[in-house]
Amino acid sequence: MAGKCGEEELEVAEPLGRWPVLSYGVGHMLNDITSACWFTYLLLFLQEIGLAPRDAAIVMLSGQVADGLMTIVAGEMIDRFGRFKLWHIGGSVLVGISFSSVFGGCLLCTILGTDSYLVRTIGYSFFAAVFNIGWAATQVSHMSMVNCMTSNPTSRVALASCRNASTMVANLGLYGIALAVFGIVKAKTCADIVVQYKWIAYVSIFVGCCFLVLFHAGTEEPTLKCEPNCKKRARIAWSYWFKKTLYYQVALLYMLARLITNVSQSLIAFYVTRDLRMNEYSKATIPAIIFCCSFLVSVVLQEMRWNSRRLKSLLTIGATLWVISGAAVFLLPSQMHNLMYPLAVVIGAANALVMVTTIGLESALVGEDLNGCAFVYGSLSFLDKMSCGLALFVLESYDVASSCGDARGLNTVSRYGTGLIPACFAVLAIVVASTLRLQDDDVARADRRARASAAAGALEAPLLV
């Protein structure tokens, strides 16, 4: 599909330096740190300030629906007009403003001068939608840049890997901020709870914006898809992807990976405080351990040599680890809550294996079809957002016991959502992964890639340049 133009690009492609890779990698930090807070604490925050579980889930769902729809719009617009960095900065502005309006208290209530339950639900739902619209614009533009910054396959994987490592750092930073705030500000009243999350939101936005400056200072607007020799390349129609079996396989695997990580992350704060009856600090320490282990495993993965067989194997290993740890989480009694610490280590490793491999599959799916890359990332993100939103809404609709009492057994929403349901998704991921048929290094292009570079195998080079 890339044609002669693609061949010319491959012949002159040089690996990116470390600074472009690192500056690109931190470009999603604002999204990542706010997303970590969003999925870990939003439902807990909303219920602690008085919203019913179902209404809190409606707020989450409104954001996920807006996010899913925006990914399609952003993907189509970026494929048509480009301007990745413009979409990135516009989305980041919306993220910063709306995120502080959700965790900073009900802005609509302040504007209207009322604190009614209905106004609070509508206000939080509106800003949740705005937040996710901005988040989607930033995400799609940032992910789509990978294949358009360079045609060098080693650098492409390095960009994706650095982005994933930065995600882990952002998550760890968020839980460090939360741990400090929970220790300094004691939640005795509803107003104290709002103050806690307000400070978490403000500090998170400040840190994310610092990295945003580094990204825009060190990353140039991608020009690979609009080089002079490539002007006549036609924009790829959606139907092109719908005819590829690999598109459906990768889409399903990416959706399952996001369901595993996001559903469990959204309910783990409930699980450790209500089901295991751990202290308030566990809301930050357990997620921090998970993401610390994810980061360490990601660093190890960066130094590995890749081929399709290893990609499938590590995806299967990660999913298998989730099946084991998910079952253990579901059955773990509160009297043995200290076992949650080693389980968090296993979950962190499993998350890294599942996410790194599925993101790698996305890049492999796009390959050199640059004029359709934004649609691929946008459509897969649409499935991710809609499925996660609906899954959490269904789960929270059955959450009728929101207090932590001695009567809580195995039949709780947080146990199902943190352990059993992600384990079931992992089983399905193993089945889908077994059906993948990937050609190592795209054999049809091996000859001309050999002329371009001695180390230009699509998945055969180290992840770091």
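Placed from the backbone N, Cα and C atoms, the Cβ positions cover glycine too.
Per TrEMBL, the features are as follows:
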TRANSMEM  86-112  transmembrane segment
TRANSMEM  124-145  transmembrane segment
TRANSMEM  165-187  transmembrane segment
TRANSMEM  199-218  transmembrane segment
TRANSMEM  246-272  transmembrane segment
TRANSMEM  284-301  transmembrane segment
TRANSMEM  313-332  transmembrane segment
TRANSMEM  339-361  transmembrane segment
TRANSMEM  419-438  transmembrane segment
Close approaches to the transmembrane segment (284-301) from elsewhere in its chain (Cβ under 8 angstroms; 6 or more beyond its ends): 36, 40, 161, 164-165, 168-169, 171-172, 175-176, 178-179, 182, 265, 268-269, 272, 278, 314, 340-341, 344-349, 351-353, 355-356, 463
Which of 86-112, 246-272, 313-332 contacts the transmembrane segment (419-438) most, counting Cβ pairs under 8 Å: 313-332
Same-chain residue ranges lying at least 6 outside the transmembrane segment (313-332) that approach it to Cβ under 8 Å: 253, 260, 264, 271, 276, 301, 339-340, 343, 346-347, 349-354, 356-358, 361, 410, 415-416, 418-427, 429-430, 433-434
